[in-house]
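To start, the structure itself, in structure tokens.
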Amino acid sequence: MPKESVMPENTAAQSLDLLLSAAHDALWAWDIDGNRAVWGAAWRTITGQGNDARLKPGIEEWQDRLHPDERSQVLHTLEQYLAGNTARFESEHRLLHEDGGYRWIAASAICARDASGKALRMAGSFTDITEHKVLEPYTRLPNRILFLDRLERSLSRLRFGGNHAVGVLSVHLQLPASHADQLTHDEQAQLGRILSERITAELRPWDFVAQFNVLEFAVLLEMVASGTDLPTITDRLFKALHRPIQVGQHSLQISAAIGSADTATVSGNEERLLRAAESAAQLAATHGDFRHVSFDPATQEQLAHRLALERDIVATLMERGFEPWFQPIVRLSDGAITGFEALARWPRDGETLPPKQFLSFLEHSGLVSQLSWIMLEKGLTSLAAWHQQGLLRSDCRLNVNLSADQLLEPHLAGSALALLEDLALSPSLLNLELPEKAVLRQNDKALRAVNLLREQGVGIVIDDTGTGMSSLPQLQAFPLDALKIDRAFVQRLESDEAACNMARSVIALASALDLTAIAEGVETPAQLAFLQDNGVHAAQGFLFGKPMPAETVPQWLESSKPLIVDLLTPAL
């Protein structure tokens, strides 16, 4: 656990050190002087706020939810800590939930101070401990406290002559954010019951299951052979949890990560064994859906590295340190540069890191919207400068990626249009790229936002077309301007007939809907020839130009035209 110390003012990352020990909870960071706060996705879960709810920009988002009976004491504790009279800020108190009830919360935080001791920034976590106070009311499963008690007794029996290892599974489940926000309190309770029944059904009669919250379970396994029993049991759990779940009108697809630890590899008490399993589950979650990680000494090292990386990601986001790099989009009929796609890059320790290093964490933590806004603001600022300098065609656009969930943000359209107006850019110079799952959902709020943007001239492009298998009627119902052929298909055009057929299908779909067909990931002349022969309108990829920082775009524009024309000449 990090200790309080006087930290230099020159980096927000140092104010977030506590996040290393609290990364599985609701993360938050507060710029004290400016009263600006950043809230992780779990905050919305704890307070019951939907994805479209507008959070207050400062610390009032938390203060205004304090229980009246505890407000003065909690704020006094905070004031004492900020004044330097206590070593850290810790508090257990109740917070108002959107359903009108209160949740018990454990708050923990530290702050960065300047040389004089003045508090500059504060960062920490909120942990929902409601389930620790009472038995889970809907599933009647034990909570964390009872689980640890049972685990302690199992370890005691093992120390007095048990012949088999004791194992613990930490089961972390996740719903897509849009579904999680749509479930009522009763539906969440129903989901918890279904999940508990599925998990219990796959275990042995003597195994012990506890529920820490709706989507987090723990399993105590006695008499296990770690090398064989744990993988077998986790495989059964994955199969059970992978099946769709019907809750009310919602068909839900759960993703799962399971971490395991046992007394053959972890020594110590019950807290240590459970923490080891939870650490393994956190690491499993970073590897993708339905992954199992068994704890070993390397697991802890990998997790520490990952948490350090995540701390730096949050700090970079707070400082708006991510930068757009620009990849040109070329019209295949004449070689004209019709646009650029803004692709996020992370300058870190002298390197420039691609999205695979940070995007997954931002998506799972609910912070990806802030990244998109940084790309939008910085990207459009560069586009406006290039237009003012006369470097671009008058219709050259910027493409910016949004997640499907961002379409549910109530101020998306208004904020985007206001930004364009501030930069004196026509809305027709912006394309928003959406994943195909945005079409599959057909959400009314999303459709309203898209219609408003298109009415003003903003283009809507479906990215990775073909990966989600949307149908013609679904695409017809969604207002669009272009379809992008996913790079996974483009890069296999020379060797895989199935990829060729899929690319032709997307091109035919675009033609049927009178949309522009764009290919991404074009790297070879043979791929380009296929796309030209089959009527693709525009393309991007390393063959034309790699993503580049804003400062190199003017030079690239000056030198690239002859090269692009040479590439396209056989078909022109």
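Using N, Cα and C of the backbone, Cβ positions are placed for all residues, glycine too.
Bear in mind that the values here come from a model prediction, so they are computed numbers and not experimental data.
Copied from TrEMBL, the annotated features are:
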DOMAIN    12-85  domain 'PAS'
DOMAIN    89-141  domain 'PAC'
DOMAIN    164-297  domain 'GGDEF'
DOMAIN    306-561  domain 'EAL'
Please work out whether the domain 'EAL' (306-561) lies in contact with the domain 'PAS' (12-85), by counting C-beta pairs under 8 angstroms that are 6 or more apart in sequence and asking whether there are at least 3. yes
Please list the DSSP helix, strand and coil residue counts for the domain 'GGDEF' (164-297). 55 helix, 43 strand, 36 coil
Count up the helix, strand and coil residues in the domain 'PAC' (89-141) according to DSSP, in that order. 4 helix, 30 strand, 19 coil
For the domain 'PAS' (12-85), mean pLDDT (0 to 100): 83
